[in-house]
Amino acid sequence: MPEPAKSAPAPKKGSKKAVTKAQKKDGKKRKRSRKESYSIYVYKVLKQVHPDTGISSKAMGIMNSFVNDIFERIAGEASRLAHYNKRSTITSREIQTAVRLLLPGELAKHAVSEGTKAVTKYTSSK
């Protein structure tokens, strides 16, 4: 029985490498689109809290989604507060109030104190 003709070998199952830069007809390389995420910041905080602990790419994706979700909720609430008070600028006060409204009890208190500390550090460094 003759064997079927084999085409180019299929990439290995674990291989996730893809062609990043494709050649165009005129010889120029196409620029790879940048994907923004909070992963480097999540990693820095993880190393501050647990220096000997790592994080999987799946867990990093979940953390990135979480940070994006919280950011959108706080920004939306702060925008609503500014609109209610007929203001066109979102200040740290709107952000603080939005955090108090969105986060429960003790978590809101800690978030507000850390935020205040960060704003103070930023203004003193200017």
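Keep in mind that glycine also has a Cβ here, set from the backbone N, Cα and C atoms.
Computed from a predicted structure; not experimentally measured.
Going by Swiss-Prot, these are the annotated features:
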- 1-12: compositional bias 'Low complexity' (COMPBIAS)
- Lys6: SUMO2 cross-link (CROSSLNK)
- Lys21: SUMO2 cross-link (CROSSLNK)
- Lys35: ubiquitin cross-link (CROSSLNK)
- Lys121: ubiquitin cross-link (CROSSLNK)
- Ser113: O-linked glycosylation site (CARBOHYD)
- Pro2: N-acetylproline (MOD_RES)
- Glu3: ADP-ribosyl glutamic acid (MOD_RES)
- Lys6: N6-(beta-hydroxybutyryl)lysine (MOD_RES)
- Lys12: N6-lactoyllysine (MOD_RES)
- Lys13: N6-crotonyllysine (MOD_RES)
- Lys35: N6-crotonyllysine (MOD_RES)
- Lys44: N6-(2-hydroxyisobutyryl)lysine (MOD_RES)
- Lys58: N6,N6-dimethyllysine (MOD_RES)
- Lys86: N6-lactoyllysine (MOD_RES)
- Arg87: omega-N-methylarginine (MOD_RES)
- Lys117: N6-(beta-hydroxybutyryl)lysine (MOD_RES)
- Lys117: N6-methylated lysine (MOD_RES)
- 1-35: region 'Disordered' (REGION)
With Lys58 (N6,N6-dimethyllysine) as the reference Cα, tell me which of the recorded positions Lys35, Lys86, Arg87 is the closest one. Lys35
Lys86 (N6-lactoyllysine) falls, by DSSP collapsed to helix, strand or coil, into coil
If one looks at the chain holding Arg87 (omega-N-methylarginine), which residues at least 6 apart in sequence have a CB under 8 angstroms from its CB? Glu94
The rounded CA-CA distance in Å from Lys44 (N6-(2-hydroxyisobutyryl)lysine) to Lys117 (N6-(beta-hydroxybutyryl)lysine) is 19
Cα-to-Cα gap, Ser113 (O-linked glycosylation site) vs Lys86 (N6-lactoyllysine), nearest whole Å: 27
Look up Lys121 (ubiquitin cross-link) in the DSSP assignment and reduce it to helix, strand or coil. helix
Which whole-number value in Å describes the distance between the Cα atoms of Lys121 (ubiquitin cross-link) and Lys35 (ubiquitin cross-link)? 29
Tell me which of the recorded positions Lys35, Lys44 sits in the most Cβ-dense spot, judged by other Cβ atoms within 10 Å. Lys44
Across all chains shown, how many C-beta atoms besides its own are within 10 angstroms of the C-beta of Lys86 (N6-lactoyllysine)? 6
Between the C-alpha atoms of Lys35 (ubiquitin cross-link) and Lys117 (N6-(beta-hydroxybutyryl)lysine), the distance in angstrom, to the nearest integer, is 30
